[in-house]
Structure formats: structure tokens, C-alpha cells
Amino acid sequence: MALSCVQWLLVLGMLVTGSINTLSKKAQNDSKVKGVPVPGPNGTEVAEAHNFDHPWFQTVIMFIGETCCLIGLFIQRKRERDQFRRQIMQDFNQEPIEALQQGRVFQFIFAVPTICDLFGTTLAGIGLLWVNASVWQMLRGSIIIFTGILSLGLVLVGISSVFNEEDNDKKDVKKSILGIVLILAGQVVSSSQMIIEELFLKKRKFPPLQVVGMEGSFGVFFMVALVLPVLYFIPGDQPGGRYENSIDALYQIYNSPGLLVFCLLYLSSIAFYNYFGLAVTKSLTAVHRTLIDACRTIMVWLVSLFIHYVVSEDFGEPWDNTYGILQVDGFFFLMIGTALYNELISFPWIPCLRPQPPEDADPTPEAASIQATQDSDERTPLLSGDT
């Protein structure tokens, strides 16, 4: 089936915004900017430049982007009301007496998947601090870790990240391993979120934009009112001895226009990626969306290499001559695993991967006769007396 021009634009929009999502988040982590002033040795306050390592604050930015989907929901509802009004006037030539019944937008039940989204995204964000963007994007494929060949791809990608250390520092290797573990742990939590969202979309029949938008609204509330204040008073390695110093994050964004651009790109890409993803699923199929995500992995990797070697060595990622081939092999197996899982390719000569023939909807005459006899016997009374 040939895609229309609009469908191609939706696919391109999802691919571009999804890639910007990952690349802008990694660019934030690589930005080295002066933050909040801290007491110096002579009693004066000194603002030192350091990396933007604020994964919890980045989660707030993500939730703000998701909240923007409510704008699309309100526009969609207004169009539905206008269409309802035009239809009534066309059929009855009068103003509608009753308004179109639309469900309530605010639902407390959306707090459940929001918590899963909060921890899943933040764990993956912490892992992104210590691995390359392409490795992070490939490991995100562990959310469909249902095939052994896909697992092999994830293992190869992870190994390439662990050994891709220029100075072989043990501390850096431990951080890479910890980053991979956190990313995979985040996908376990995200899989629970997907199950809950599927329940909301199919059983409760909530509009997709409402699900994403309300998750973002609850997420902003939880992060600003509870999570960030608690993390601010927990001892840590960030300026001021904080575990998550959100004030330092705001200072860094204020001091760097480039970092501000990366944050705005990340926020807007979250909103538009969700919109394009829902539009692709509605206009095409979920299989198309999976293939686009696979192409997104290629795009993230190639753009990261281009940025490092052409734009600036402070951003992107270099090609490792020793262990980079492992990442290529891992990506190859990852693509095969994704295609097998979505039944895009098949290997009929392998018994366990042989497609099963569909069951006949209409039974044969012999089977129908046997079934009718069994049904007749089942309807016979267990106790019957002579009349």
C-alpha cells in the first residue's frame, strides 16, 4: 500500500521529533555551564562550570511537554462540538438543544501511569549520563525483550558501551555498567506503564491525547510539589551538597542560551512526538510506528557521529575503532528481533519460528454434525421420568 503525502509527512515528523528528543536530552547532559554560586574558600561565592547532570529536572521538562498535548485535546473537542452543531443544523435546521456529551478531562486515575512514567523516564535519564545517545536509544528497545535474538542484540550493544572507554578507567566502566542497568530497569517500569495505558485506551476508551496530557499534568504536580523538594534536601554531589539541585539547573539554563535552546527543543519534541505517534498509529498501523522507532535509532546514531566530527567535539559521540563493531552487530540483531516480534519477517524452516496457519472459522460438515450431537446431549435432562 502506497503512502499518501500526508502519511509521509506524519512519518517524517515522528522520525525527526523522536530523534530530536534523544539528541537534545544528551546535548543537555554534555553542556558545561556555570550554575548556582556556592561559598568559596575566601568566604566569597563562586559559580563553577559543570555538566548539566539533572535527570530529575529533565523529567519535569518532559512532563511539561506532555501537558502541552492537552492543547491538542481541547482543539479536537472544539472541532467535535462544531461538527455536532453543523450536523444538527443540517438535519433539523435548528440550533441543538443539548450539547455534545464529552467526558471529563481531569481524572485522578491517571496518577497511576504517571508514577510509572516518572520513575521509568528518570531511571533511563540517569543512565543517559554515562552512556552514548545511540546506545541509550538501542537499549530502549528492551521494552520488547520477548525474543532471544533481540536479547543478544541488547547484550552486544551493552558490551560495546562498557568497553568504549578511551582511558579504561575502572570508575568509568562501573558508571557505564550502572547506566545500562538503570536504563533496563527504567524499561521494566515503562512496560508497566504501557500495560496500564493500553487498559485506559481500550477498556476505558480515553482519548490518547487525554492520557498523555493528564499524565504530564500529574507529573508536573508530583515533581514540583513533592519529588524535587525532597531530593533538594537529600545529601549528594551536586552544588551545595544536594542530590538534585533544581535551583542550580535554573541558573545553568539562565546562563547559557544554548542550553535553553536544548531544553526548549526537548520540551517541544516531546509534545510533537506524542502527536505524530498517535497520528501514525491512527492513520497507519502500530507496526509502522515500530519501524519508525527502529529508523529513529539509526538517525540518532548517524547524527551523533556527524555532530561530533563536523559540528563540535564537545557534543555527539566518536566512533570507537576497537569496540564500535559490537554496537553495529548489536543494532543488526536488534533490528532482526524487532522484525520477528512484529512478524515482518519469518523463517519457515525453523520450527519454533514457523507461522501457525489460522484456524478455520467455518467447521467442516462432519465437525458441525458432531458438535450438534454433543450440544443435543448436553441439553438432555439429567433426570427424566416417564409421563
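Each Cβ is built from the backbone N, Cα and C atoms, and glycine gets one as well.
Within the set 176-196, 344-364, the record from TrEMBL flags 176-196 under the feature transmembrane segment. Take the transmembrane segment (56-75) and the stretches 108-131, 216-234, 254-276: counting Cβ pairs under 8 Å, 216-234 has the most. With a cut-off of 8 Å between Cβ atoms, the residues of this chain six or more beyond the transmembrane segment (254-276) that come close are 10, 13-14, 17-18, 20-21, 24-25, 27-28, 31, 33-35, 47, 52, 58, 61-62, 64-66, 68-69, 72, 209, 212.
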